[in-house]
C-alpha cells in the first residue's frame, strides 16, 4: 500500500509544482489541476481499499464529476480569455495588481 | 473687631479694584485709606488687648478641609507675635497708602494701584494671623502674587515685566520648600495647625524621617525646608536676586513690600515656628550661617551700587540677614524686635528716596544727583534720620536692636555664633559706609545733575511729607521706648508665642561679654560713616586712583555686579534649564521619542507595512500559488512543531518582552525602509 501512497503523493506534488513553476501556459495549469485531482482520487481509492470502506470510492466518483465540470468551465474560461487576448500566456495577465 | 481688622483691607481692595471706574482716583484713594486707617486703629486696639493686657484671642471661623484625619478650619490667632506684626504692617501700609495717592497722582491707573496695595495688606494680614500652616500658606502665596502685580504695575515696561517674573519665580522656588516642609509636618504629625504641631514638637525631636530616600532628623529637615521658604521670601543668600530687581516697581511698592512687609514674612515664619526650630539644632545653625552670610554679602554689594533704590534694597537684604541669624541663634524676640524697628526706618528711607526721585524728575542714579540738601532740606533731614537709624547710631532705633543682635551673637559661645558676630560686625561697618555714601552723593556733594532738574527740584508735597514725618518719629524713639517691653530680661510680653529652650537662652550671657565686643559694632559704624564722609569729601582723587587700579577695578566690578550672582544664575543655571527644556524635553522627548512611537510613528508604520503588503500582490498567478503553498507549509509546520516539542516551545512566542521588542523594532526598521525606498 505504501508504494501506492508514495505514487499518489508524488503525482500530487508534480501537479502542485506544475502550477507554481509554470510561467507560461494556462493550459498547463489546468492540466496540473487535473493531475492533482487524479492524485487525490487515487488516494481516496487506496484508502477505501485499505480500510475496506465504500465511502472513499463514493467520494472518488463525486470528485470525478466535479473534476469534469471544473475542467469544462476552466476550458470555457480559457476559450473566452483567448478570444479577448489572442494568446494564453499567463505572464501577461498581471493587470490586477494589489 | 478681630475679623473686621483682617477683612477691611480686602473690602477696600475690592471697592477700589472693581468700582474704581465709578469712584475715580480720589475716591479709590479715600476708600482704601479709610479702610487702612480703620485697620490700623483696630490693630492698636488688638495690640492693647493682646500684647499689653495679655489676652490672646483665637477665632475659628468655619471648617475648610474635613477629610478623615486631614481636617482643619479657617482660624485666626492673635497673640503677641501677631499683634506686633499687625501694628507694623498696618502702620506702614497706612502711610504708604497716603503717600501713594500723591506720588502716583498723575498715574491713570491709581485705583488699580490702591487696590493692589490693599490686597497686598490683606494677604499679609492673613499670613500673620493664620493659626495653621495652610492658611499661612494662603497669605504667603498671596503676598507673592501681589508683589508680582505691584512690581509689574507699569506693565508696559519690559524691565518691570522681567523683574516681576523673576520675583515670582524666585519666590516660588522658596515656596516649594515651604510646601514640602508643610507636607512633611502633616505626614509625621498628622495636623497642620500651629497649636498641635508645636505642642508635639518635643515629642518628635529625635525621630528620623525618610526624605528623598535618605534618613534625616525630622525636625532638622522640617526646619531646613521651612527655612528654604523663608530664604525665598526674605531674600536670603541664594534666592536674593529678585529683591534688588524688584525696584522696578513704583517706590511706594518698594517701601511696602521690600522694606517692611513681604520680606519680613520669612523672619516671621521662623519666629512663629520657634517651637520647631528650638528642637532642631542643625536647622538653627543653617539659619544662622545663611543669615550671617546674607548680611555681609548684601552690605558689601550695597557699597558700590549707583542706583539709589538698589542701595536701600541691598541694605534691606543685609538687615534681613541680621534678623535671620538672630533667629538662628534662638533669639527670635530680638529678630522680631529688629524687624519692627527696621520696618520704620526702612520705610522712611524708601519713601524719602521716593521724594528725592520725585523731586529730580524720576532720576534714580545717585551720580546724577548731588547737592540736594539745600533744595530739599526736609527730605534730607528725614533721610538723615533714617540712615543714622539704619547705621545703628547710638540712641536711635536701629541701635537698640542691631547691637543686641550682635551681642547675643558674641554671647552665644558657638562657632556659628562667632561667625555671625564677625560677619555682622563687618556688615555694620559697610552699612554705615554705604548709608553715608548714599547721603553724600545725593545731598551733600556738588550738584551733578542736569540744570533743568536741579532748577525744578521741589520739596515733597504734604501727603508725601506727612508719612515721612510720621515715620521719622518711631525711627528715632520706638527702639528706646519698646526695648524693655519686647526684649527686656524677664519680660512677659511674648506670653509663649515665642518659645526658647532655656539652654539656648543667651540674653543673660550677652550681658557678660567683654566691653570691647560690645563697643566694636558701634565704633565700626561711626568709623564707617565718618570714613565714608571724609573719603567722598576730600579723598575723591584717592578713590578714583583706587577704582582705576587693576585690583581696585576688579573689586569694583565684582561688587558692583553683585558678586556675579546674576551672571552665574543666568548663564549657568538659567541657560542650562532653557537648553534642557528646548533640546531635551521638547525636541528629543516630546517631538522625538513620543511622536515617533506615538501618532506620527504609528501612522507611518501602518502605511509602510501596508505598502509592503501591497507589494506582495504582484498580479502574477504563480506568485499567489507559491504564497499559498508556503503559508500552508508554515501552518502545518507550526502544529507539527507543537506536537513534536510540546506547547512550551510554541508558547515562547507569547513572551511579552519579545513582542514589545518586536513592535518597537518595527517602528525603526520601517523608518529605515522608508530611507531605502527614497534611495
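Using the three backbone atoms N, Cα and C, a Cβ is placed for every residue, glycine included.
Here TrEMBL flags B:64-114 as domain 'NADH-Ubiquinone oxidoreductase (complex I) chain 5 N-terminal'.
The domain 'NADH:quinone oxidoreductase/Mrp antiporter transmembrane' annotation in TrEMBL covers B:130-420.
Per TrEMBL, domain 'NADH dehydrogenase subunit 5 C-terminal' is recorded for B:434-638.
Same-chain residues lying 6 or more positions outside the transmembrane segment (B:6-24) and placing a CB less than 8 Å from one of its CB atoms are 30-32, 34-36, 38-39, 42, 76, 93, 110-112, 114-119, 121-122, 125-126, 129. Look at TrEMBL and you will find B:6-24 (among others) tagged as transmembrane segment.
Same-chain neighbours of the transmembrane segment (B:36-61): 1-5, 8-9, 12, 73-80, 82-84, 86-87, 89-91, 93-94, 97, 118, 121, 125, 131, 492-493, 495, 497, counting only residues six or more beyond its ends whose CB sits under 8 Å from a CB of the stretch. Per TrEMBL, the feature transmembrane segment maps to B:36-61 (among others).
The transmembrane segment feature in TrEMBL is assigned to B:81-101 (among others). Within its own chain, the transmembrane segment (B:81-101) is flanked in space by residues 5, 9, 26, 29, 32-33, 36-37, 39-40, 43-44, 46-47, 50-51, 110, 113-114, 117-118, 120-121, 124-125, 128-129, 250, 252, 255-256, 259-261, 264, 268, 271-272, 336, 339-340, 343-344, 347, 351, 354, 463-464, 466-467, 470-471, 486, 494, 497-498, which lie at least six positions past its ends and keep a Cβ under 8 Å from the stretch.
Taking Cβ pairs closer than 8 Å, the transmembrane segment (B:136-155) reaches residues 109, 112-113, 116-117, 119-120, 122-128, 130, 161, 163-165, 167-168, 171-172, 175, 178-179, 182, 229, 233, 246, 248-250, 253, 256-257, 261-262, 265, 269, 272 in its own chain, all 6 or more past its ends. The annotation transmembrane segment is assigned in TrEMBL to B:136-155 (among others).
Sequence-distant contacts of the transmembrane segment (B:221-243) (same chain, six or more residues past either end, CB-CB distance under 8 Å): 140, 143-144, 163, 166-167, 169-181, 184-185, 209, 211, 258, 262-267, 269-270, 273, 276-277, 280, 282-284, 286-287, 290-291, 293-294, 297-298, 313, 316-317, 320-321, 323-324, 562, 565-566, 569. Annotated transmembrane segment per TrEMBL: B:221-243 (among others), in sequence order.
The feature transmembrane segment is assigned by TrEMBL to B:255-277 (among others).
If you look up TrEMBL, you'll see B:283-304 (among others) marked as transmembrane segment.
Sequence-distant contacts of the transmembrane segment (B:311-331) (same chain, at least 6 residues past either end, Cβ-Cβ under 8 Å): 230, 234-237, 240, 243-244, 246-247, 254, 258-259, 263-264, 266-267, 270-271, 274, 277-278, 284-299, 301-302, 305, 338-339, 342, 346, 349-350, 353, 366, 390, 402, 404-405, 408-409, 412, 414, 416-417, 420, 424, 427, 430-431, 434-435, 437-438, 500-501, 504-507. Among the features that TrEMBL reports, transmembrane segment is placed at B:311-331 (among others).
Long-range contacts of the transmembrane segment (B:464-482) within its own chain (CB-CB distance under 8 A, at least 6 residues past either end) are made by residues 92, 95-96, 98-99, 102-103, 337, 340-341, 344-345, 347-348, 351-352, 354-355, 358, 378-379, 381-382, 385-386, 389, 395-401. What TrEMBL lists as transmembrane segment is B:464-482 (among others).
For B:519-538 (among others), the entry in TrEMBL reads transmembrane segment. Packing against the transmembrane segment (B:519-538) from elsewhere in the chain are residues 391-394, 399, 402-403, 406, 424-426, 428-437, 440-441, 444-445: each is 6 or more residues past its ends and has a CB under 8 Å from a CB in it.
If you look up TrEMBL, you'll see B:621-644 (among others) marked as transmembrane segment.
Marked as transmembrane segment by TrEMBL: B:656-673 (among others).
Mean per-residue pLDDT, taken over the domain 'NADH-Ubiquinone oxidoreductase (complex I) chain 5 N-terminal' (B:64-114), amounts to 91. When DSSP labels each residue, the domain 'NADH-Ubiquinone oxidoreductase (complex I) chain 5 N-terminal' (B:64-114) comes out as 29 helix, 13 strand, 9 coil, counted as helix, strand and coil in that order.
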